[in-house]
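Peer 1: First, the structure itself, so that you have it in front of you.
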C-alpha cells in the first residue's frame, strides 16, 4: 500500500508539471498582454513589459515561473496590482466551497432517495415521476432554476435574500440552485446501477437465503451500486466546490467561479496559471481519493495490485 | 443504512478536507457580516435615521494605489475618497480643492499651488506638498498604467522619463515647503486645472505608504483618505462601505453618512436587488428599457462614449474617399440606435459627441459643424459607383473587425444587412474576436473595417481630436494629414480658449468631412433606474463618472 501511494504521488506531480507547462505555453498564445488598455502608447507598454519581465523570451519566462512555482510562489496578479495569486484564490474559494459542499450534500441525499425509491418501485408512477424530474434537472440549465428561485423565493415572496453575500441565509438559494444538477445526476446513476445490480445472481441468492429485503438492498444492492456513483461524485465535487460561473454571478457570490474566466479575458497570466493548477491539483487528488474509496466499498478491488494497471 | 452512509459521509468529508483551510475562512467571512450586519433580515435601509446610499459596483477593486489604478471601479472609489489639487463640481468644472491658491507664472509654465491649511488625511495629519511630489514620481518609478496622463498634462520631463532618458526624480514637480507645490510644464496647457482633478494626480503620504510596504491600497485600512468619504470596510469581490470622512476639509458639503457598495456583476440581479430595495441606483439593460421607460425612476443619460468605424486607409479600395463616404452614408443610424440598441444611444454625425463641450457662450460643439457626412441614400449610391469606377473594381469584399460582445455582434449584423442591400457589389464578412484580439488587430492594421469606441480622458474635444495625429497610439489606421497634425499642435498650445475652440471645430471638419478618416456611428446612452429619494447624484461625462459628494437621501 505504501509503495502504491508513493507511486501515485509521483504520477500526480508529473501530471501537474505537464499541465503547468501546457497551460503556460497555451496562455502565451493568447492575443494581447495583461496591459490591454487602448490608451497606452508603445513606449509605456514597453516600460511595463520590462518591469514585469514580459519582454524576455517565453522560454526564460517559463523557467522563471517554474522555479518560483517549485518554491511555492504563484506570483502576483496583474489585474489586482500587488495582490498575490494565493491571496486571490484563498479569498474566493471559501464561498464557492461552502455553497458547493452544501449543494453536494443536499443533492446527494435527495438524489439517493429519489434513485433508490425509483429503482425499488421500478415502472411505477413514482419511478416515472422521479425519472422525469431527473431528466428535467439534467436538461434545464441551472441558471434557469437560479433565476426562478431568485425571482419567486427572493423577490416575490421575500422568503430569502435574492442575492449578495452578507450572512448564512444568503447561501441557501445558490445552494438550492446548484444542487439541482447533483440531484438529477445522482438519482439517475443510482437508479440505473441499482436496477442493474438487483437482477444479479448474488442478489437472488441473498433473497433465496431468506435475508430480509432491507438487508439485501442495503448490504448487497446499494453497496455495489455505489461504486460508479463514487467515481462520478469525486470529479463532480471538485467541479461544484471550486465555483460555478453562472450561479455565482446571478447570486453575487464572491467566489472563484467567475475569477477564472475573467482572468483569461484580461490576460492575467499569473492568475490563469494559479487557478488552473489549483483546479488540476484538486481534480487529481480527488481521483486519488476515489481510488482509495473503491477499496473500502469493494474489497475485490485490490490497491496493492496497482502495478497491473499501470 | 447508517453504517453505509458513513462511506458517503467520508467521501464528502474528504472533499471538504481538500479545500479545508480555505473553507473555514470562507465560512467565517460569510458569517461575520459586520459592520453592516443586518441581523439576518433582508430589509434594506438601516433604520437609525442615517443617510445611506446603496450602489452596485461592476467588479472588485483591483487596487486603491493611485499610482497603479487604471479602470472604472478603482477610479470611482478613489474619486469619492480622495481629493486632488482641484476637484470637479456638479457641472464638471474644476474648482480648487486641496490647494487653496494657484499662482501662474507669466509664461504659463510654472504653477505654484498653496495647500489648504485644513486639508487633512483621515488619520488627522496634514496633507502636504510633499505628498503630491511623492505620489507623482511614484507613478514613473513603478511604471503605473496612467503615466501617460503626465504627458497629457505636459509636466516637464514626463516624456523623457518615459523614454528612459531622464530619472523619475527629474519630473517637473517640487515641494518648496510643506504647503507649497511647484509644478513646471513643458508648454502652456489650457486644460491643466481640469486634468489635475484626475485620480493619477492624487497625493500619497510617504511615511504611511512605506509603512504598509507592498500592501498599500489593498485593504481599506492600508489606505489614508483625504476626500469626502473613507472606506471603513472592504470584503473582496463582495463589497465595501464608505463612511463620511470627518477630517475632510469640505465636510460641510457631505450629506450622506454612509454608502454601501456591493459587487453585483449580473445585470438582471441588479434589477432584482433594486426592486428588493437593496440598491438605490442601477444601470438598466436595454432589454428592460421598454418595460420601464414610463417609470418615474427611469432616466436616460447621454454619455460621451462614441462608436465609430475605422477604415484601413491602405486598403486598395478603401483608400478611395468616395468609397469611405458611401459606406458611412448608406445606412440608417437611427434604426440602429432606436430599434437595435434601444438604450438611449443616439446617432453621431461628427467626431465630438453632443452635450460634451461648449464654447464660452454655452453653444454646443456639435452645433458648429452640424451633421457631417450626411446625404441621401441616392447620394451614397452615386459616390459608391463613382468610387468603384475610380478603383477599377465592380465588387469588393471587406472584413469587419469587432469584439465578440453581444452589442458588437448586433451592430455588425445590422451594418452588414444595411450596407450589402444599399451598396451593390459590397460584401461584409463579420469577424468577431475577443476584445484583446480586436485591439491587437487594430494595432497591426490588418483589418479592412474595424468597429471602434472611445471614451474621453478629460472633458475637452481635444481628447477625441488628438487621437488621429500621425503615429498617435489611438490612430491605428495609418491616417496621416500633415495639415491636421500641425493644427492639432497649435490648438494644444493655444491658451486663448476662444480661438482654440475654433481650431478644434476646424479640425473636426477636416477629419470627418474633408478626409472621411472615420465613419461615426453613434453616441452611447445609459439607461438608469434611480430611487426617487436619491437626490443630486452627479454623473459626470468623463471618468470618474460617479460622484457621491453631493448626494442626499430625502425620504
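Heads up, the Cβ atoms here are built off N, Cα and C, so glycines get one too.
So TrEMBL has the following annotated:
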DOMAIN    A:93-294  domain 'ABC transmembrane type-1'
TRANSMEM  A:9-27  transmembrane segment
TRANSMEM  A:99-120  transmembrane segment
TRANSMEM  A:132-152  transmembrane segment
TRANSMEM  A:172-190  transmembrane segment
TRANSMEM  A:225-251  transmembrane segment
TRANSMEM  A:271-297  transmembrane segment
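Are these features on the surface or tucked inside, and what touches them?
Peer 2: Within the chain, the transmembrane segment (A:9-27) has long-range Cβ neighbours (under 8 A, six or more residues past its boundaries) at 58, 62, 65-66, 69, 269, 272-273, 276-277, 280-281, 284-285, 288, 310.
Beyond its flanks by at least six residues, the transmembrane segment (A:99-120) meets 126-127, 130-131, 133-134, 171, 174-176, 178-191, 194-195, 198, 217, 222, 233, 236-237, 240-244, 247-248, 253, 255 of its own chain at Cβ-Cβ distances under 8 Å.
Through the fold, the transmembrane segment (A:172-190) approaches residues 99-100, 102-104, 106-108, 110-112, 114-116, 118-119, 130-131, 133-138, 140, 142-143, 145-146, 149-150, 153-154, 160-162, 225, 228-229, 232-233, 236, 240, 244, 247-248, 250-251, 253 of its own chain, all at least 6 residues removed from its boundaries and within a Cβ separation under 8 Å.
Here the transmembrane segment (A:225-251) has long-range neighbours at 92-93, 95-97, 99-101, 103-104, 108, 141-143, 146-147, 150, 162-165, 170, 173-174, 177-178, 181-182, 185-186, 189-190, 193-194, 196-197, 257-261, 278-279, 282-283, 286-287, 289-290, 293-294, 297-298, meaning same-chain residues at least 6 beyond its ends whose C-beta is under 8 angstroms from one of its own.
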Peer 1: Counting only residues 6+ away from its ends, which parts of the chain sit with a Cβ under 8 Å from the transmembrane segment (A:132-152)?
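Peer 2: Hits for the transmembrane segment (A:132-152): 114, 162-163, 173-174, 176-178, 180-181, 183-185, 187-188, 191, 244, 246-247, 250-251.
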Peer 1: Short question: which residues 6 or more past the ends of the transmembrane segment (A:271-297) have a Cβ under 8 Å from it?
Peer 2: 8, 12, 15-16, 19-20, 23-24, 27, 65, 69, 74-75, 77-79, 85-86, 88-89, 93, 223, 226-227, 230-231, 233-235, 237-238, 241-242, 256, 259-260, 263-264, 303
